[in-house]
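Pulled from TrEMBL, these are the features on record:
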{"type": "REPEAT", "residues": "80-110", "note": "repeat 'PPR'"}
{"type": "REPEAT", "residues": "111-145", "note": "repeat 'PPR'"}
{"type": "REPEAT", "residues": "173-203", "note": "repeat 'PPR'"}
{"type": "REPEAT", "residues": "204-238", "note": "repeat 'PPR'"}
{"type": "REPEAT", "residues": "305-339", "note": "repeat 'PPR'"}
{"type": "REPEAT", "residues": "406-440", "note": "repeat 'PPR'"}
{"type": "DOMAIN", "residues": "621-713", "note": "domain 'DYW'"}
């Protein structure tokens, strides 16, 4: 049976009678085939010379089938200027500028529309110089020509040239004014944009929306909302885009009441099923910690728009509900809504919140299947996810595979290496970054100081601090001083660290003094500790971390009366000490342990394994360091307390629940004590496994009796 060509069906032509006519008059099969060929040729000509050729041509361009569109174009006898312009625009949209320029040169006749199409194509492809050349060569320019060129110059950051062109325009319509306002905001020229808005002779809703959105994007959300209310008062009816901008500003300011009023306007104006507004409402309520309302908005209709699903995934993640975020992401995939870069970023952030490496790997696999495995935004999130979940080697491998690395890519890798205590790797990455011409920022500086702190690189730390302090384009903040105090303190330079705090160009906050207090604990300096603690209590009277640190310093010095006094003060002021806990994630489930915990279903096996480890540890020469048992009890009790610290329970659970040889990953909310650190080094050697432990300051990689921190943390 002969298949009817799609283009014939498209024309609505029935082939039955035609074929019957040919078949009834043929003398031989050869004659029939020849006749049929002539018929098909005639039909093809009829299609292309009829009114439907434009539809087929447009369909190919709309589907980005540029080569197929060109085939149809070449079959059209004497194509007009409009069709030439369409083909040129199609090439430009697909980044085939050379083909567009070649076709433009071949045009027998050009009008202003075709010149504008070619100029716009050059701008879309990023060739500003060619666009300028075409603009200069245009025999006639209309207002679209001028506005397109002004917009292109603004996009390229050529603000002064755009201003000059705007002043030279023979006439300006509202679109030209709007283009200038939008361009000013895009280039951070907020005052210029506002001034132009104030003097423009005629405004439309796009003018107002450009200013509201521009103010919000430049950190002036309060002014954006004021202008939105002024716009409503002036009688302008907001569009869905205006309402999205207003909701975004409300979300940034956490302006719940105003956002709820905007929600009411959305319903009143009949926009409640607009998917971009739904996404904005979900984000707004999530930012305002009203995630239940986010869910209500989401459930108002069945959405197929990826932005709406992504907004809910992000909302749950921001509200400390990573499990819900990953559940929404899974449902999204099941319903065939394909995630985009933002979806993957939010889902990977949720995996970080759970420290769920297995979940993160599943998401990574989905990203690869959708062709986003090396996308820069997804890649950056993967680097962070692998690093925070204790797999720095895969994090760095992901960094190396990421296309078109940006500053976030480099910072993610630098911070990851710093958190794992790989100081030299951090410095190597920084050197490569500088050679590539990537300008470091505040996060880069923090990562470098953190790496120096955890690796004991005092001179490097001093050098970086001096370099960034003297850089005119860089502002050293309190967080950087806290990092430098930590660098000095860990190296035992407590006097220098205290001098740095006292001579800061601004008043030190509790975070800076806590860094000094932590260093005092490491080096058992009571005098400096008491001075630092007093400063913290003056700034933050109920700072539990300061009370606990000071209490531990007293306990290490056997000053039990002072320990008792601190604890009584905490009780009197209702200050609660954060209990030390450790947890592991296994097969998607989190197992958490407190010190001496016996609530786990496998508790019997866990303690049996710990007792076995206790015997083996003594065979390897381990002696408990009782100074880390911070309670005034008998020596035997101190030894038992140390044996059942939360991190040891988590390790024992992993040992009885996983196959031999697999890596053990444990997370802990407080700093690992010195005795546990010593014991875990030996446990790694005894069981022949790598143990990765993340405490409150860094990752420790225990392997064959050695820790990656070299006992410096």
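A Cβ is built for glycine as well, from the same backbone N, Cα and C atoms used for every other residue.
Those TrEMBL annotations? Automatic predictions, nothing curated.
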Helix, strand and coil counts within the repeat 'PPR' (406-440) (DSSP): 26 helix, 0 strand, 9 coil
For the repeat 'PPR' (173-203), the mean pLDDT of the predicted model: 95
For the repeat 'PPR' (204-238), the number of residues DSSP places in helix, strand and coil: 26 helix, 0 strand, 9 coil
The repeat 'PPR' (111-145) - residue tally per DSSP class, helix then strand then coil: 26 helix, 0 strand, 9 coil
Summary of DSSP states over the repeat 'PPR' (80-110), given as helix, strand and coil counts: 23 helix, 0 strand, 8 coil
